[in-house]
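As written in Swiss-Prot, here are the features:
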REGION    1-32  region 'Disordered'
BINDING   G189, V190, S191, R192, T193, S194, K195, T196  ADP binding site
Amino acid sequence: MGPFGARASPEAGQVVKQPLTDDPQESLAQGESERLPPRFATYFHIHLVSDSTGETLNAMARAVCARFTDILPIEHIYALVRSTRQLDRALEEIAGAPGVVMHTIVDPGLRAALEEGCRKLEMPCIAALDPVISAMSRYLGARISTRVGAQHALTNDYFDRIEALDYAIAHDDGQGGQDLTQADVILVGVSRTSKTPTCIYLAHRGVRAANVPLVPGRPPPPELFELKNTLIVGLITSPDRLIQIRRNRLLSLKENRESDYVDADAVRQEIIAARRLFERQNWPVIDITRRSVEETAAAVINLLSGGRGKVEVLG
């Protein structure tokens, strides 16, 4: 591993096709364990050079690479590259593992040096944000800022996200019911319907999100039904998917005994009861069966931005 924390990879400079293990945790580059890879995949090196945290560049690279089937990237991340010395070290590592270079370098001198270095190495050098920034500049008729890491400035939005995160943690799993009126949205659903991760993701977007579990034999907190101006969203999923998730949860806890928690009939009754509650209260419903946490959060944000009528967002 180099000084910038490059990912583990095949031998430097190679684009290889190799059999993958049966364990998806081991076989996916970057630890993407949510989808099974093809039995054979092509690996390639992608170098991400940033003068800031690298988060924007990393997200863009992953989004682009996801569009190619059977091709898995080996990421090499070079963050906080703000001097010629740091750039030279990055170029040394890039030379040892030929591939694609993407960057979000702002400083003109460093950009030129990186592009020249890649030209000598005969590697593509992509300024990831340039097309979008140029188009925005032309449309707005505004000059482009050269301030490094401008998106990470300590603005009011930053502190709003911190407060939203604190709120989500304090109001997870039905806690803090006394001040649910402070929530922008409350997610309601049976156990293992991604309520907590969705709330955390929403918090990173500055949304104050609480969640309330629906537990068989236990009525929801009465405060939930007294709210007038807070968006409440019901989360549901298919019985088969819910049983699978719950069984995996029990296995992780080394709990093997059968119970209503994973009983097919009991799970179906839980979901039916949840649906009936949502219908009675006229709460919008999101089916998370085929949705990632990010997609569920996006659907919630759409509901926050638009109407709050009786809507069901299908998976």
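Each residue, glycine too, has its Cβ placed from N, Cα and C.
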Determine the Cβ neighbour count for S191 (ADP binding site): the number of other Cβ atoms within 10 Å of its Cβ.
17
DSSP state at G189 (ADP binding site), helix/strand/coil
strand
Which state, by DSSP, holds S194 (ADP binding site): helix, strand or coil?
coil
Taking the Cβ of K195 (ADP binding site) as the centre, how many other Cβ atoms fall within a 10 Å radius?
27
For the binding-site residues T193, T196, which one has the sparsest Cβ surroundings, going by other Cβ atoms within 10 Å?
T196
Around the Cβ of S194 (ADP binding site), how many other Cβ atoms lie within 10 Å? Please give the count over every shown protein chain.
21
Neighbourhood of V190 (ADP binding site), C-beta criterion under 8 angstroms, separation at least six
P213, L214, I236, L242, E270, I271, A274
How many other Cβ atoms are found within 10 Å of the Cβ atom of G189 (ADP binding site), counting all protein chains shown?
26
Within 8 Å of the centroid of the Cβ atoms of G189, V190, S191, R192, T193, S194, K195, T196, which other residues of that chain place their own Cβ, given that this set defines the recorded ADP site?
N211, P213, L235
Listed in sequence order, residues with CB under 8 A of R192 (ADP binding site) and six or more positions away:
L242, I245, R246, R249
